[in-house]
Amino acid sequence: MQLSVLIASVLAAGAAVDAASYTPQNVSCPDNANFIRNAADGLSPAEKEWLKKRDPITRDALQTFLRRAFANVSTEITSALFNDTENVPKLGIAVAGGGYRAMFVGAGAFAAMDNRTDGANEHGLGGLLQAATYMAGLSGGNWLTGTLAYNNFTSVQQILEEGDKADAIWNITNSFLNPYDKDFSKTLARWTAIGSQVQGKRDAGFNVTITDLWSRALAYGWFPTLPNAGAGLTWSSLRDNEIFMNGEMPMPISVADGRYPGTTVINLNATVFEMTPFEIGSWDPSLNAFSDIKYLGTQVTDGKPETERCINGFDDASFIMGTSSSLFNEFTMSNDSAVAYTYLNTLSSTLVKGIDKENNDIAMYAPNPFKGSKYVDSNYTTSIVDSDSLFLVDGGEDLQGIPFVPLLKQERDLDIIFAIDVDTETSDNYPAGGPMMKTYERQFSKQGKGMAFPYVPDMTTFVNLGLGGKPSFYGCDANNLTDLEYIPPLIVYIPNSYHSFESNVSTFKLNYNYSERVGMIRNAFEATTRNNLTEDADYVTCVGCAIIRRKQQSLNLTLPDICDKCFTNYCWNGTIDNTPTKLLTPNNQDPAAISSAIAAVTDDSPIGALLNTGSGTKSNSSSKTNSTLVTSSRATSTGTLISNSSSNSTVSSTAARSSTSSTAKKNAGSVLKLEFSKSASVMVAIAAAAVASLI
C-alpha cells in the first residue's frame with residue numbers, strides 16, 4: 001500500500017516534467033529552402049566560413065607548441081612554415097569508442113594536449129588541443145567530445161575540479177540505470193522524467209526507439225547543470241555559441257554508421273555518417289550528400305520541404321551523442337543476447353507508449369532527410385534515399401572503431417591525425433590496431449572512393465612488435481604512399497595502455513567512483529605523454545617532427561637532425577611478424593556476457609527487495625556497487641594528473657598485460673554480472689512500477 005502511494009505521487013510529479021523540451025517544434029521554413037547539397041562540392045559554405053576564424057587561432061597555438069618542441073634544436077623550418085599561411089600544418093584528433101572507458105581514456109589524452117591542464121605544458125603535449133581544427137568521436141569517444149563542446153568547451157581539468165558534487169559533469173558513481181542508489185523515489189522520478197521527455201517527441205508524431213531513452217538517460221551525466229539535463233539543447237545550437245562562432249575550439253564531429261533498410265548486418269560497406277554543427281551526411285558514394293542538421297525532422301523530397309512548415313529541435317545534442325553509441329541492434333543478431341533485447345524492448349515499451357517496435361533497436365531519423373536525393377553514385381543502391389526513414393547505429397559497428405573517415409577527406413586538408421585507440425582486442429582488453437587496419441582496408445572497397453589511409457600492420461604483427469605499449473607513427477614517408485589515391489595525413493597512434501591504473505575495464509561497466517575516474521584519466525595522460533616525458537625526454541620534439549613532416553616533404557625543406565632519430569623510434573618501418581600469439585584472442589565482452597548478467601537479476605538492490613522481484617542467484621551482500629573490472633593499488637582520490645613520482649608508476653604495457661591478464665579475465669565475469677544484476681533489478685522495478693500505474 002505504501003509503495004503504491006509512493007509510485008502514484010512520483011508519477012504525478014513526473015507528469016509535470018516539460019516534455020516539450022525534447023520535442024521537435026514547428027517553425028517557418030527559410031525562403032527557397034533546399035537543405036541537401038552534393039558532397040562532391042566539397043566543404044559546406046558554413047564550414048569554410050568557420051575555418052576563416054579557426055585557422056588563425058590554430059596557427060598561433062601550433063606555432064607556440066612547435067617553439068617549445070624545438071626549443072633546444074637549431075632549425076629554421078618553423079619560420080619557413082609560418083611565413084606563409086598556406087604552409088602551416090593542420091591537425092585533427094580522433095577518439096575511439098568503448099563506452100565510459102573510451103570517454104575517460106580520451107579525457108586523459110585531451111588533458112595531456114590541453115594547455116589549460118596543470119602540468120600539460122611542462123610534462124605533456126599542452127597546446128595541441130588548441131591547435132586542432134577538428135575533434136571527431138564515435139560512441140564513448142563522442143561522449144567526450146560532445147560533453148566538452150556543449151559545456152562551453154570546458155576542460156577536463158575543470159571537470160575534475162568539481163570532484164564528486166551531485167551536479168558534477170561525469171559524476172557516475174551510480175550508473176544511469178540506478179542514479180540514486182537506494183533512493184527509490186528519486187530513481188523512479190528520473191526515469192519517469194525521461195519517459196515523459198521521449199513521450200513528448202512521440203506524441204508530436206515522431207518515431208522514437210530505445211536510442212531516445214538511452215540518449216536522455218546518459219545526458220544526466222553529460223549536462224547535469226542544465227534543465228532536464230539539456231533536453232532541447234541542439235547539436236546545431238553550437239553555431240550560436242560565441243566560443244565556437246569565434247573559432248576558439250575545434251569543430252566536433254560525431255560519427256555513426258548507416259543501416260540499409262531491411263537489413264541487420266553492419267560491415268565495412270556501411271555508409272559512414274558524420275554530424276557537425278552544420279550538417280549531417282556522408283562522403284561515401286552510397287549517399288554522397290549532406291543536409292542542414294538544424295532542420296532534421298522536416299518532411300522533404302530531394303532536400304525541398306513538402307510544406308511551408310519546417311522542424312527545429314530534432315537534432316537534440318544527447319540524441320546525436322546517443323546515436324553514435326546505439327549498439328542495441330547487435331543484441332538482435334545472436335540467440336545469446338535475446339534475453340537482453342527482450343528486456344530492453346519491454347522496458348522501452350513500458351516507459352513510452354507508441355514506441356517503434358519494428359525498428360526499436362536503432363536510432364531512427366524520420367522523416368528521412370535524404371529522401372529522394374539524386375546524389376547517390378550510379379554504381380550503388382538507392383535504398384537509403386528511397387526509404388521514408390534513415391536508420392543509424394553505433395559508429396564502430398563496421399569495426400572502424402576510430403573515427404578516421406571524416407578527417408581523411410582531402411577537402412579538410414589535414415597533415416596529421418592524433419588517434420586515441422581504446423578498443424579491447426587482446427585477451428586482456430587492450431588495443432591491437434584493428435580499427436586502423438579496417439580503415440586501411442576500406443580505402444580499397446567501393447565505399448573507399450576518394451579516400452586514402454597509410455599502410456599499417458596486421459593485428460598479429462601489431463602485438464608481436466609491442467606497438468600497443470607506446471605511441472607510434474604511421475605514414476611517416478610520403479614517398480612510400482604514392483600508390484594511394486592521394487597522400488593521407490600522418491597518423492600518431494596513441495593506444496590505451498597501462499601505466500598507473502588498469503584501464504582495461506569492460507565496456508559494460510556503467511559506474512565509476514571519483515578515484516576510478518581520476519585513475520583512468522591520469523593513466524591516459526601518462527600513456528599520451530610517455531609517462532609525463534620520463535620515458536623519453538625528446539617525445540615532444542618527436543611529436544613536433546611528426547606534425548611538420550608532410551609540409552616538410554612537400555616543400556622540400558630540411559628537417560632537424562633529431563627527427564631522424566624520432567622517426568626511427570616511433571615510425572612503423574613495414575616490419576611484419578605473423579608469429580601466432582596467445583595474447584591476440586577474443587575477449588569476454590560479448591553479448592552472451594550481457595545476457596547471462598541480466599538473466600542473473602537478484603533482489604539484492606533495495607528496489608528489487610521492495611517489489612519482491614528477486615530471481616536468479618543472490619549476489620554477495622558485501623559486494624560494493626562501485627566495483628571495477630580490475631582494481632589498482634595506485635588509484636588515487638585526488639584530481640591531480642601529474643604523479644608526484646613518475647618513475648614509481650612507470651610500467652611497460654607488455655609487462656602489465658602479462659601480470660594483469662589473468663586477473664582481468666578472472667574478475668570480468670563476476671564484476672559484469674554484479675553490475676548488471678543490480679542495474680537490472682532497478683530497471684525491472686521501474687518497469688513494474690510503470691505497468692502498475694497503468695492498471
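Glycine is treated like the rest: Cβ placed from N, Cα and C.
Features of the protein shown, as given by Swiss-Prot:
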| type | residues | note |
| --- | --- | --- |
| SIGNAL | 1-19 | signal peptide |
| CARBOHYD | ASN26 | N-linked glycosylation site |
| DOMAIN | 28-577 | domain 'PLA2c' |
| CARBOHYD | ASN72 | N-linked glycosylation site |
| CARBOHYD | ASN83 | N-linked glycosylation site |
| CARBOHYD | ASN115 | N-linked glycosylation site |
| CARBOHYD | ASN207 | N-linked glycosylation site |
| CARBOHYD | ASN269 | N-linked glycosylation site |
| CARBOHYD | ASN504 | N-linked glycosylation site |
| CARBOHYD | ASN532 | N-linked glycosylation site |
| CARBOHYD | ASN556 | N-linked glycosylation site |
| CARBOHYD | ASN573 | N-linked glycosylation site |
| REGION | 612-662 | region 'Disordered' |
| CARBOHYD | ASN620 | N-linked glycosylation site |
| CARBOHYD | ASN644 | N-linked glycosylation site |
Do me a favour and check the Cα-Cα span between ASN532 (N-linked glycosylation site) and ASN556 (N-linked glycosylation site); whole Å is fine.
33
Using ASN83 (N-linked glycosylation site) as the reference point, find which of the glycosylation sites ASN26, ASN115, ASN556 has the shortest Cα-to-Cα distance to it.
ASN556
Using the alpha carbons only, what distance in Å do you get between ASN504 (N-linked glycosylation site) and ASN207 (N-linked glycosylation site) once rounded?
37
Among all protein chains shown, how many Cβ atoms are found within 10 Å of the Cβ of ASN573 (N-linked glycosylation site), not counting that one?
9
Per-residue pLDDT averaged over the domain 'PLA2c' (28-577), given as an integer:
93
Secondary structure at ASN207 (N-linked glycosylation site) (DSSP, helix/strand/coil)?
coil
ASN83 (N-linked glycosylation site): tally of other CB atoms within 10 A of its CB:
9
Euclidean distance between Cα atoms of ASN115 (N-linked glycosylation site) and ASN72 (N-linked glycosylation site), Å:
20
Any idea what the Cα distance is from ASN573 (N-linked glycosylation site) over to ASN556 (N-linked glycosylation site), rounded to a whole Å?
22
ASN26 (N-linked glycosylation site): which of the glycosylation sites ASN115, ASN207, ASN556 is the nearest Cα neighbour?
ASN207
Determine the most Cβ-crowded residue among the glycosylation sites ASN26, ASN72, ASN115, ASN269, ASN532, using a 10 Å radius around each Cβ and all protein chains in the structure.
ASN532
Fewest other C-beta atoms within 10 angstroms of its own C-beta: which of the glycosylation sites ASN207, ASN504, ASN556 fits that?
ASN556
Compared by Cα position, which of the glycosylation sites ASN207, ASN269, ASN556 is the closest one to ASN115 (N-linked glycosylation site)?
ASN556
Rounded to a whole number, how many Å is the Cα of ASN269 (N-linked glycosylation site) away from the Cα of ASN207 (N-linked glycosylation site)?
26
How many Å lie between the Cα of ASN556 (N-linked glycosylation site) and the Cα of ASN207 (N-linked glycosylation site)?
56
Please state whether DSSP places ASN26 (N-linked glycosylation site) in a helix, a strand or coil.
strand
